[in-house]
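Colleague: Mind having a look at this structure? Questions to follow.
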Amino acid sequence: MALQMKQSPSMGVRRASQPVLPPRPIVHRGVGSVSRRPAVVVKASLLDAASAASAVDAVHHATQLYTLAEGGPIDVLAQFFEFVLQTLDEGLESAKIPYSYGFAIIALTVLVKVATFPLTQKQVESTLSLQALQPRVKELQAKYADDPENLQLETARLYKEAGVNPLAGCFPTLATIPVFIGLYNALSNAAKEGLLTEGFFWIPSLGGPTTIGGGLEWLVPFENGAPPVGWANAAAYLVMPVLLVASQYASQKIISSQNNQDPSQQQAQAILKFLPLMIGWFSLNVPSGLTLYWFVNNLLSTGQQLYLKATVKVNIPEAIKAPATAGSSTPIVKPKEERVKKVTGKELGSRKKRRNDDGEEVEDVEVEVVSSGSSSSSGSNGASGRKGEKFRALKAREAAAKAASTVSAGAGGSEEGKDNSA
């Protein structure tokens, strides 16, 4: 009976936490009967039920995520690209063109580059405008080297006057990311559905050598001294990744050759130096149809960059684009020490000579000055010198008059004493 009381609460908890499982019926034993079921078995059954419930919850959660992703915008875009690929493939097949699906991938890549050409043009215009303003930016950096706050304000004012938005080049790149993801999903779905089974020139199959998530199982480990797909197929599949890495390096070299003087561009080039190797490694883990798309897209992007940099004109006034010089209308602020002219002893001597013997001022002599700032300072120094001379002459006259009055007073007193004595 004690065992029955111990089982009832445990089964009650199980019913509360796991409603999907039916409750175990309680078996009433007769008087004198003893339950032989150990407690460990009861705990094991509870753990099995909990594990089963966790697995059910995990499957349900994964199903919900799959349902949400299936109707998302990226999935809709991927389905649209799949439809375009299928339409192009059928059209090329009806025209009796061999390797129809490979040429359909190339045609889709060209259509996408044409559709995103305005965004690419906007990006190149923004990049060229920023490059044209680099001399002024460097001038501001040298001028406000110890004042980052004013440097930021003056740089923002410069961009505003030139009508340039530094972030404008990022928006076209961000806008093309969903397109790339949609194309990637479309080609991945085509490979999973077996639509990329045909080859393309030397490539045995556009769906090979691996599937999504298959990794490098087609290349390693070796079996009987050869890759799993054989040496001939492995060499054929490796040609496209090698071409992709080479084209990526050539594209970086061509595009970055015009920006070697920009330190920020040099730093970015050093960081992106290993990007082609990463892309090449990734191309070994996906179907060859995706590698073909990346290769063609890379060639078209390089051609677009060269064409736009040769044809796009930057509309920035020369007064804003060129650095400030001595002959320009932009004033150059000089240090205070250069603006104030020091008065020399020779100039003070010439000012003293401009007075006659009676201390009266004579006609002023014209003094040559170097700059307007120095003339104003020397004029003020001359005025203060003349005021000092007048003050000293006045004091000398007062002292002479006082001495004369003292002497005359003493002489008058001595004569009065003589008269009294007489």
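Glycine is treated like the rest: Cβ placed from N, Cα and C.
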Colleague: Per Swiss-Prot, does Gln123 fall on the same side of the membrane as Leu275?
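Modeller: Domain labels match for Gln123 and Leu275 in Swiss-Prot.
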Colleague: Given the ranges 1-22, 23-44, 111-132, 199-220, which one is assigned the annotation region 'Disordered' in Swiss-Prot?
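Modeller: Region 'Disordered', as annotated by Swiss-Prot, spans 1-22.
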Colleague: Is the transmembrane segment (276-296) close to the transmembrane segment (226-246), in the sense of at least 3 CB pairs under 8 angstroms with a sequence gap of 6 or more?
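Modeller: Taking Cβ pairs at least 6 residues apart, the transmembrane segment (276-296) and the transmembrane segment (226-246) are in contact, with 3 or more under 8 Å.
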Colleague: Can you give the mean pLDDT for the topological domain 'Lumenal' (247-275), rounded to a whole number?
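Modeller: Reported value for the topological domain 'Lumenal' (247-275) is a mean pLDDT of 72.
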Colleague: Given a Cβ distance threshold of under 8 angstroms, which distant residues of the chain, six or more beyond its ends, lie next to the transmembrane segment (97-117)?
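Modeller: Here the qualifying positions are 81, 84-85, 88-89, 172, 175-176, 179, 183, 187, 195-196, 198-201, 203, 206, 289, 292-293, 296-297, 300-301, 304.
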